[in-house]
Amino acid sequence: MTQWYPASPALWQGRDDSIEAPDARRLFQTVTRSETFSPENWQQKIALMGFACDEGVKRNAGRPGAAGAPDALRKALANMASHQGHERLVDLGNWVAPTPDLEGAQQALRDAVSRCLRAGMRTLVLGGGHETAFGHGAGVLDAFAQESVGIINLDAHLDLRQTDRATSGTPFRQLAQLCDAQSRAFHYACFGVSRAANTQALWREAQWRNVTVVEDLDCHDALAQMAQFIDKVDKIYLTIDLDVLPVWEMPAVSAPAALGVPLIQVLRLIEPVCRSGKLQAADLVEFNPRFDDDGAAARVAARLGWQIAHWWR
């Protein structure tokens with residue numbers, strides 16, 4: 001059974017510059033850490049949650065280790081300067097998945113996300129492998145059952161695989177099937193896709209599902225496509241697989257990208273999403289601290305989370 005644990009206070013430590021000025025604060029000083037999972041107490045705040053699971057990565061024959069990412073990313077966030085928006089972050093702990101019960105873990109995350117959103121919070125989830133996306137996305141769909149939900153994925157992979165069980169490569173096929181079962185439209189856009197990393201069968205599935213696909217080669221000029229997708233939906237779930245970044249910026253993932261989309265381009269793409277007023281949920285997935293020898297990759301990933309919280313409207 002998937003267990004919930006509050007985040008350790010030892011994770012939220014950093015340099016104290018408060019002697020300089022009242023507003024010389026860092027995230028470890030402004031993030032609220034909750035000892036209970038009680039989203040009803042935190043309306044209008046951003047629920048920061050960890051999904052400590054890489055069972056889907058293992059099933060997908062990837063490099064395990066992403067289960068350790070949530071706490072590693074908290075440590076990287078802790079010492080970053082606190083600016084507008086960061087005071088809204090409430091750390092609602094980690095969902096820890098026992099091997100091999102991926103399906104139970106995804107259901108626990110789904111229920112937690114739905115509860116947060118129904119309580120008036122927004123969710124920022126630190127994965128975990130990209131199996132995080134099915135639990136997170138399903139929770140968003142549950143919370144906004146009467147509205148159109150757009151899924152924006154920044155990823156080298158379409159993650160529309162067809163297998164006999166859930167993996168880190170199947171979350172968007174699972175979400176598409178969930179939409180089918182609920183007789184609702186499946187709105188999915190994937191930016192940063194590597195044609196070299198996706199078979200023709202996956203491209204055919206994306207075409208059949210009317211997925212908006214922007215290749216890694218074209219992301220430098222994709223703001224119009226992003227704006228068009230934002231305009232056609234009521235609510236947005238943003239998921240960032242860190243393997244969308246080039247290997248020289250993000251080596252610490254299961255499948256590093258030979259080409260990838262540079263961090264500055266990723267930030268330019270997500271800014272209008274964050275400022276749209278439609279973003280309800282976001283996550284960072286696939287970070288693997290086992291392959292981050294000096295902590296530099298954690299800081300890259302944390303900067304994305306920092307920027308999302310800062311821009312979120």
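The backbone N, Cα and C atoms fix where each Cβ goes, and this holds for glycine too.
As recorded in Swiss-Prot:
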- H130, D155, D159, D241: Mn(2+) 1 binding site (BINDING)
- D155, H157, D241, D243: Mn(2+) 2 binding site (BINDING)
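Overlay of Swiss-Prot annotations on the structure.
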residue : record                : DSSP class
H130    : Mn(2+) 1 binding site : coil
D155    : Mn(2+) 1 binding site : coil
D241    : Mn(2+) 1 binding site : strand
Least Cβ-crowded entry, counting other Cβ within 10 Å, from the binding-site residues listed as H130, H157: H157
From binding-site residues H130, D155, D159, the one whose Cα lies nearest D243 (Mn(2+) 2 binding site): D155
H157 (Mn(2+) 2 binding site) and D241 (Mn(2+) 1 binding site), Cα-Cα, nearest whole angstrom: 9
Listed binding-site residues (D155, D159, D241, D243), ranked by Cβ neighbours within 10 Å, top entry: D241
Alpha-carbon distance [H157 (Mn(2+) 2 binding site); H130 (Mn(2+) 1 binding site)] in Å: 10
